[in-house]
Amino acid sequence: MAAITISSSLHASASPRVVRPHVSRNTPVITLYSRFTPSFSFPSLSFTLRDTAPSRRRSFFIASAVKSLTETELLPITEADSIPSASGVYAVYDKSDELQFVGISRNIAASVSAHLKSVPELCGSVKVGIVEEPDKAVLTQAWKLWIEEHIKVTGKVPPGNKSGNNTFVKQTPRKKSDIRLTPGRHVELTVPLEELIDRLVKESKVVAFIKGSRSAPQCGFSQRVVGILESQGVDYETVDVLDDEYNHGLRETLKNYSNWPTFPQIFVKGELVGGCDILTSMYENGELANILN
């Protein structure tokens, strides 16, 4: 989840491309995203949408219709009915009425409720600005106006919007990389491929030899295997048997090693469990959970 770089003037450049934010030492970095769905994804504030000038002015006027942060009523979060399930900008205050975070959401009530469950000590009240036409440009402008106002008054960014503060921000977990058994097909191995396979399955709790990667399986059986292992919350390794660059010769070598003719193949604690059908059966009857624990 990317951060948003904002200079002291909070000026956005007119480029439609998503660019990697450049952060100088003196440039505050603040975060727009809510931890909880439904929120919008804005990779950076160093861009605007490809609008005409009238369109940009229209977005500004719509966003400006939202009351200023100071003028907006502070609502107790405990009174759930008072928080609308609408799109817009919202500001979370702690029990001492100190601003903690400014975010945007398609459902403000749901986002605030989720914040309350996650960090109740930081959620005492909330200010809400409903945006009638919640496209990205309008919501960004409304959020920007509230942030600008707070910085102008206090000289600082709300804690939850600072770079590195993930209290209110959902972090997308990085998927584990797939194992590459060799440095490349044109590199001569000093250890036989079968020995590399043997080391891997014996030194890892769970290894799945699949078609494709864990993030993009190339067959339904491999996708099913990844889904089952993910559901178990187990740490597991994946090896792409279709990767002829870094796993060249793996398919035939693995068939000989395991004496199993098809893929995917799943090993648990050094022993072959079988393929997708067997793993699915073990998952459904509870046996898989037992051998993984």
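Just so you know, glycine gets a Cβ as well, placed from its N, Cα and C.
What Swiss-Prot annotates here:
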BINDING   Lys211, Arg251, Phe263, Cys276, Asp277  glutathione binding site
BINDING   Cys219  [2Fe-2S] cluster binding site
DISULFID  Cys123-Cys219  disulfide bond
DOMAIN    194-293  domain 'Glutaredoxin'
TRANSIT   1-62  transit peptide
For the domain 'Glutaredoxin' (194-293), residues assigned helix / strand / coil by DSSP | 48 helix, 19 strand, 33 coil
Within 10 Å of the Cβ of Cys276 (glutathione binding site), how many other Cβ atoms are there?
-> 22
Considering only the binding-site residues Arg251, Phe263, Cys276, which residue has the minimal Cα-Cα separation from Cys123 (disulfide bond)?
-> Cys276
Between Cys276 (glutathione binding site) and the residue listed as '[2Fe-2S] cluster binding site', what C-alpha distance do you get in Å?
-> 11
State the count of C-beta atoms found within 10 angstroms of the C-beta of Asp277 (glutathione binding site), not counting that atom itself.
-> 11
What are the non-local neighbours of Phe263 (glutathione binding site), defined as same-chain residues 6+ apart in sequence with CB under 8 A from its CB?
-> Phe209, Ile210, Lys211, Phe221, Ser222, Val241, Arg251, Leu254, Gly275
Along the domain 'Glutaredoxin' (194-293), what average pLDDT does this model show?
-> 95
Using C-alpha atoms only, work out the spacing between Asp277 (glutathione binding site) and Cys219 ([2Fe-2S] cluster binding site) and round it to an integer in Å.
-> 14
Return the residue, from the listed binding-site residues Lys211, Arg251, with the maximum count of other C-beta atoms within 10 angstroms of its C-beta.
-> Lys211
Sparsest-packed of the listed recorded positions (Cys123, Cys219) - C-beta count within 10 angstroms = Cys219
